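Inspection log for the structure reproduced underneath, given as structure tokens.
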Amino acid sequence: MSCYNKALLIGNKVVVILVFLLCLVHSSESLRPLFACDPANGLTRTLRFCRANVPIHVRVQDLLGRLTLQEKIRNLVNNAAAVPRLGIGGYEWWSEALHGISDVGPGAKFGGAFPGATSFPQVITTAASFNQSLWEEIGRVVSDEARAMYNGGVAGLTYWSPNVNILRDPRWGRGQETPGEDPIVAAKYAASYVRGLQGTAAGNRLKVAACCKHYTAYDLDNWNGVDRFHFNAKVTQQDLEDTYNVPFKSCVYEGKVASVMCSYNQVNGKPTCADENLLKNTIRGQWRLNGYIVSDCDSVDVFFNQQHYTSTPEEAAARSIKAGLDLDCGPFLAIFTEGAVKKGLLTENDINLALANTLTVQMRLGMFDGNLGPYANLGPRDVCTPAHKHLALEAAHQGIVLLKNSARSLPLSPRRHRTVAVIGPNSDVTETMIGNYAGKACAYTSPLQGISRYARTLHQAGCAGVACKGNQGFGAAEAAAREADATVLVMGLDQSIEAETRDRTGLLLPGYQQDLVTRVAQASRGPVILVLMSGGPIDVTFAKNDPRVAAIIWAGYPGQAGGAAIANIIFGAANPGGKLPMTWYPQDYVAKVPMTVMAMRASGNYPGRTYRFYKGPVVFPFGFGLSYTTFTHSLAKSPLAQLSVSLSNLNSANTILNSSSHSIKVSHTNCNSFPKMPLHVEVSNTGEFDGTHTVFVFAEPPINGIKGLGVNKQLIAFEKVHVMAGAKQTVQVDVDACKHLGVVDEYGKRRIPMGEHKLHIGDLKHTILVQPQL
């Protein structure tokens, strides 16, 4: 959000002037030297907070003791002020690295020695790879480039990424930024990407500081007159525990993330950035966050000025800080916190607690060590390297999903398909491929450019832009299809259709796109391949059922190398192995389900959400994706058929014996003592192509009286495996009763149902009898 927009939100002439002054200070200080405690500075080199060999918590307290109240307050906001008398420069906390270094936030700038950075596929596309090691490796590369740019003075070290909200509704404009609809996938993605970004340095040190956002139940931007600034998400404890909060908990527990961002919306009547239970009690208390909590930009201003949650701005400042907020993206706390102290709404100690969390992260990053630290050797030569570009291409290969391939029409042959018509509004795009929250890419390969490496191309856009408001270009597109040996239609969406602040109203292709596909398919003398670029699902039932459309590919937003990856898959240089990370619903789904309804489970005429709870027809299901080869599954070893759950005490046993739900609370069990049940899944490649395959393990719980359970099945594990043609690979998944077989009851408590649990691995089914050990 720009400084101008921030000023508009405050709504007071005096404050507007202050805001612009703060913005001017930010703009002049953002490229100051990015570390304090320069050993050449005789004023600071002897200060205790500058001694890298002193424990960080001691250094933080020493620095806090030297700051005035006003200096502390000016460091509660993203454009933190300099403290020249202590040799501390200003710092911009807000940088973005969703799928590469971005210049969306003010913390990173491109130009000079750093004209761009590697732009990987949008997250929804990378998620479709279901490859945890790939996710972590992308994070590692992004952090290399971040450190290089930091060393060059054009970027910071605090990145407000990843976005791990659940893709609850297919219309959400920001669904493209997320790992999809499944909370376990989002949780694994969150932990993997955060580990890649932050590194694994000894001594609790950080390479860069990641931030998981937007906590919590945020997945509506602007729909049917309801926007994120005014939306109150009414969410049950059950849905919070088993859906919305799962990725954030994993971010903190498994990923050890350095920051969590609270969201604009309210949850059950409270702004998330002023909710002590969500912030102080849950993130910092239960989950033990080792880091800071930051607001989404201007969230504190939003809950005062737009949600009218408090009577005065000083009360808003106090409520947010006392709830556990440490840093405000925006000027609000810099302006109103001192007044809150004077009115007795806050103490200086409250401010110290918040500031200690941000200073600790900066010290873990080495920003007070007086030098650039262990990554000082990284520079311009380490950005956009050949290896990084290759990883961007490989990520696109792994994430692109083959949805239809009638009569094995793909791959095309360069010998037989020498002329290819390349048609559609997305056929020669570049920036569209990198989605939102992107930076300046190293270089682009559009679909047209990629296909041109394999065949002579006849190019026609067909319509002007994805809105496709007219059919004037259809005739030329049909003529090209008649002449070519094969036709590739590159259709779909872009940021004008789905984006932050822009939710969709329907799921169909925009404008005349469907008509263009149908007419070109009728005219084409060769096979027709439909390629879709989008973040959210599209109802393409017409193409799925049209025999003249031989193949359908979903490319998501495939990144800077997207065109090369699409072409490689079409011509068989790469074998598609992606799987859909979200359900593709039919158009009539949106007529039944308002975006404002947060309930996950089906009830009455309400069909539920995501594959876990939705009961209805789909265009393509979650986890669907074809390959040029075929795979079969078998169980290499006979798994256990029974698991016994031991109880932690006699009272718990009595509870279970008298329970009508036939389940045990996870909190009443000895989870650490349970034997894990290994599943050895043998994956055989029975086709002619080498390929990658995702092994999904779903659990279907017994129906045994747990009220409001309503789950069809839930993913408990997934593994990516590469198998050569004619070969086999064995994948081991260890099933943990507490972790994998538990469900959440209507009160938000995790329970293990007793009875027969069904595990689904492809076409395989295995039943486990779970019973109490009394």
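Each residue, glycine too, has its Cβ placed from N, Cα and C.
Going by Swiss-Prot, these are the annotated features:
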SIGNAL    1-30  signal peptide
CARBOHYD  ASN131  N-linked glycosylation site
ACT_SITE  ASP296  active site
CARBOHYD  ASN658  N-linked glycosylation site
C-beta crowding around the residue listed as 'active site', within 10 angstroms: 24
Between ASP296 (active site) and ASN131 (N-linked glycosylation site): CA-CA distance (Å): 29
Within 10 angstroms of the C-beta of ASN131 (N-linked glycosylation site), the count of other C-beta atoms across all shown chains comes to 26
